[in-house]
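Undergrad: Relevant sequence annotations retrieved from TrEMBL are reproduced here:
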DOMAIN    15-213  domain 'YjeF N-terminal'
BINDING   62-66, 127-133, D156, A258, G321, H374, D441  (6S)-NADPHX binding site
BINDING   N63, D123, S159  K(+) binding site
DOMAIN    223-495  domain 'YjeF C-terminal'
BINDING   K411, G412, A413, D414, T415, G440  AMP binding site
Amino acid sequence: MKQRSFYHLITPAAMAAVDRDAARSGIDSLGLMQKAGQAVSAAALRLFPDAMRMAVLCGPGNNGGDGYIAAEALRMSGVDVQVFHLGDPALLKSDASSAFLAYRGKLRPLAEYVPCSGDLVIDALFGAGLGRSLEPPVVEIIEAINAASVPVVAVDLPSGLDGLTGHPRPVAFQACHTVTFMARKPGHVLMPGRALCGSVEVFGIGIPHRILDAHRGEVAVNTPSVWEGSLPKLTGSAYKFTRGHLTVFSGPMSATGAARLSAMAGLKAGAGLVTLAAPAEALAVNSAQTTAVMVKEVDDLSTLRDYLQDTRMSAFVLGPGFGVGEKARAFALALRDRKLVLDADGISSFKDKSQDLFAYFAKNVPTQLVMTPHEGEFARLFPEIAKDQTLGKVQKAQAAAKCSNAIVVYKGADTVIASPDGAALINENAPPWLATAGSGDVLAGIIGGLLAQGMPAFEAAAAGVYMHGEAALRVGEGLTAEDLAAAVRPLQIETAF
Ligand SMILES: NC(=O)C1=CN([C@@H]2O[C@H](COP(=O)(O)OP(=O)(O)OC[C@H]3O[C@@H](n4cnc5c(N)ncnc54)[C@H](OP(=O)(O)O)[C@@H]3O)[C@@H](O)[C@H]2O)[C@H](O)CC1
Ligand SMILES: [K+]
């Protein structure tokens, strides 16, 4: 059975609505808090059986409530527990107040906590209800605990981490383990939140899935379950043209390697034919270094138009090593009714001219344009969105996809794939060694290869990002882009021979 709740992400605001609906449907909310707190206590005992003292830091809301339940459960297990509270516990409301009243152990104000060797900190200051940036006294305490390197188990989210954006506000605990409830939030998956959480445990506290489903938004983790139904299927009657023809545009003689990496990756991703469309000066160098990939002269807009007469040309990659400028812009606009991956120089060519690009591709429904910017390229194409500090990476990618009518693959350790209709996926299978020269060229080629085989653009982009991560994991540390391209494999092939 698929663990659906693990792959769908629930924003903190949606989680609050889930809580409200659970209470309205008659579910005992204190019972939910008790299960949450007990799960935290179980995790602390399992992971840190030898802790000399467990310091439970309890905040002013329900996250603090979970902390009081955990503290009492630990105390009952014989652990030396000390609660350090933020704010006046007499002001706690409803379930959190009940949890506080049920706690029978030692209690001191948060400011009195001094981290000691042998401590385990259980962080129950703030969770999904963090509504604004932390104030200086709490910032200082978090910084002091992080600096002391005592282990921290976080309740729901490391305090200070924004569950929507994955950003610290302005600091957050560095946890070694985080226990969250029912479903992960985007902040558990986006960077740097993912790193601040340590390992993440999703504990079911008994909220029915029908309530979670009702509040499930547009953001999920990029897993095969989202797009595996759209993967190209290889049947016994397949021949090379039915598997699609990908064209990758080569740069000038001095910059052809990037396009060759894309081309090889497209072929490995399953495209039946791949052609490097190169200017005359780069024909020889490309021909000398390719075997299965074909080479064809495409010099200018006029030869491109002739080339496009062949309607079997099913998808295109423009950008890797291509060169920034008017030629890239003219080529991209000429491809407006084709399936196109616009990457690297193809993106940078539209700096300060992005409205032309967006206007040309505005009418395609569904969109056939995939753009693959890293952070710097994203800022060139979407300067206003990039500098909006109120938006997290997912919201930025969603806004960019909407205004460009393109699938936006906003790259990084936490690549976000966003569609103009608002759907967004966060990728989490990319190992750190994927950050190497030429890695993006390989990704563009994989996505192009999937588009060529008929996958819809959003699914092709998401599957491509996932296959890219899988290929990197297969190669391991020390990977070069050549190794990566060679390690690309189709994910699912139906062998109906
Ligand atoms: N279904 C579930 O997943 C359950 C989760 N539980 C736990 O409940 C919390 C969410 O509880 P909530 O009370 O909504 O929020 P918090 O405890 O995280 O924080 C709210 C309180 O914190 C104050 N606040 C917010 N930001 C700041 C700040 N920057 N500085 C100081 N104080 C802040 C806020 O004060 P206001 O003035 O804004 O009202 C609140 O007092 C979830 O994370 C889980 O741990 C349930 O226990 C079980 C069900
Ligand atoms: K917390």
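Keep in mind that glycine also has a Cβ here, set from the backbone N, Cα and C atoms.
Because TrEMBL annotations are produced automatically, they should be read as predictions rather than curated entries.
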Undergrad: Using DSSP, would you call D123 (K(+) binding site) helix, strand or coil?
TA: strand
Undergrad: Are any of N63, S159, K411, G412 (the binding-site residues) within 10 Å of A128 ((6S)-NADPHX binding site) when you go C-alpha to C-alpha, and if so which?
TA: N63, S159
Undergrad: When the Cβ positions of the binding-site residues N62, G65, H374, A413 are compared with the atoms of ligand 2, which fall under 6 Å?
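TA: Near the molecule: none at all.
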Undergrad: What's the CA-CA gap between G131 ((6S)-NADPHX binding site) and S159 (K(+) binding site) in angstrom, rounded?
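TA: Rounded to a whole number, the Cα-Cα distance is 11 Å.
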Undergrad: Can you tell me which of these binding-site residues sit near ligand 1, meaning the Cβ is under 6 Å from at least one of its atoms: N62, S159, H374, K411, A413, G440?
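TA: N62, in sequence order.
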Undergrad: What three-state class does DSSP give G440 (AMP binding site)?
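TA: Once the DSSP labels are grouped into three classes, G440 (AMP binding site) ends up as helix.
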Undergrad: In sequence order, which residues at least six apart in the same chain have a CB under 8 Å from the CB of H374 ((6S)-NADPHX binding site)?
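TA: K411, G412, G440 - these are the non-local Cβ neighbours of H374 ((6S)-NADPHX binding site), listed in sequence order.
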Undergrad: What three-state class does DSSP give G65 ((6S)-NADPHX binding site)?
TA: helix
